[in-house]
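**Student:** Sending over a structure as structure tokens; questions will come in a sec.
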Amino acid sequence: YKLSVSPEMDIMEYCKKEWRGNTPVAKRMRKGYEAVAQKFASIRRIRGDNYCAFRATLFQALSQATQLPSWLQSEDFTMLPENLLSKNDWIKQWQLKQKPGKKMGEISDEIKEYLILLRKKWKNISEIKGPTEKQEACDKLFKNEEEEYSLYEALKFLMLNTAIGLYNDGRNGRRVPVFSWLLFARDTSSNPCQLMHNHLNHIGHSIGLEQVEMFLLAYALQYTIQVYRLYKYSTDEFITLYPNDPEEDWPVVTLITEDDRHYNIPVRMCQETML
């Protein structure tokens, strides 16, 4: 049994344990952690598999949620699988981690269930007033493996939906964010169908999220994902925002990475930072 989100640990204690040597890399990591420790007191380790970017982002979003995002409230939210399938036959090739080999035509009900689960969990946790109780509810959710992976399937499907919207906007001459051009400039994802086949179907199984897909996740959730990229300490990219021109009303979640592959989360903002 693996914990999805480990208990809190003092950030500098964690850093000392992980980065003891005097190599240039260790020194840079320690400086990076010191900078994070100016703002946050603790760190929670995220279970390291190919879902860790989803896990870290969703955990942070839920643990500070105070209301249901507007896109989760829309009436046709749970109709997404049917609506997308009716316009894009290729979505039948969507693959579920729990049901490998089953085609989308047979699993659109399951995806609908996952979307309903996402809405329900988000609503329930956002209605909890006390911070301790809210944290306990998040911890409990991320100990339930079946529910947890169902939520990641919902997130992946939302990313596909967002990608289709951006792709169509770009083709119709509407303004799209820069990352959308980059996403579809890749040889492996020149359109949403390729993005699904070569990337989204494999995320969680054999690959994690690439940088450009972090932008897509941020857009799908309508959250700004702020990441301390420790190996980029003392460069302009030390704190990277996805998207880098966020909408003002998007909530912000903060993650930490040492290598752009694995993500942990900082918790407990220092008092002076909050003021």
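Cβ from N, Cα, C; glycine included.
Predicted, not measured: the structure shown is a model, and the values here were computed from it.
For reference, TrEMBL lists these features for the protein:
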- Asp49: active site (ACT_SITE)
- Cys52: active site, nucleophile (ACT_SITE)
- His262: active site (ACT_SITE)
- Glu237: site 'Linear diubiquitin binding' (SITE)
**Student:** Long-range same-chain neighbours of Asp49 (active site), Cβ under 8 Å, sequence gap at least 6?
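**Tutor:** Long-range Cβ contacts: Gly204.
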**Student:** Rounded to the nearest Å, what's the C-alpha distance separating His262 (active site) and Cys52 (active site, nucleophile)? Just drop the number here, would you?
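**Tutor:** Pair distance, Cα basis, whole Å: 6 Å.
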**Student:** Cα distance, Glu237 (site 'Linear diubiquitin binding') to Cys52 (active site, nucleophile), nearest Å?
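**Tutor:** If we compare the Cα positions of Cys52 (active site, nucleophile) and Glu237 (site 'Linear diubiquitin binding'), the gap is 21 Å.
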**Student:** Please work out the number of neighbouring Cβ atoms within 10 Å of the Cβ of Glu237 (site 'Linear diubiquitin binding'), leaving out its own Cβ.
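**Tutor:** For Glu237 (site 'Linear diubiquitin binding'), the count of other Cβ atoms within 10 Å is 11.
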**Student:** Looking at the active-site residues Cys52, His262, which sits with the largest number of other Cβ atoms within 10 Å of its Cβ?
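**Tutor:** Comparing the active-site residues Cys52, His262, the most crowded Cβ belongs to Cys52.
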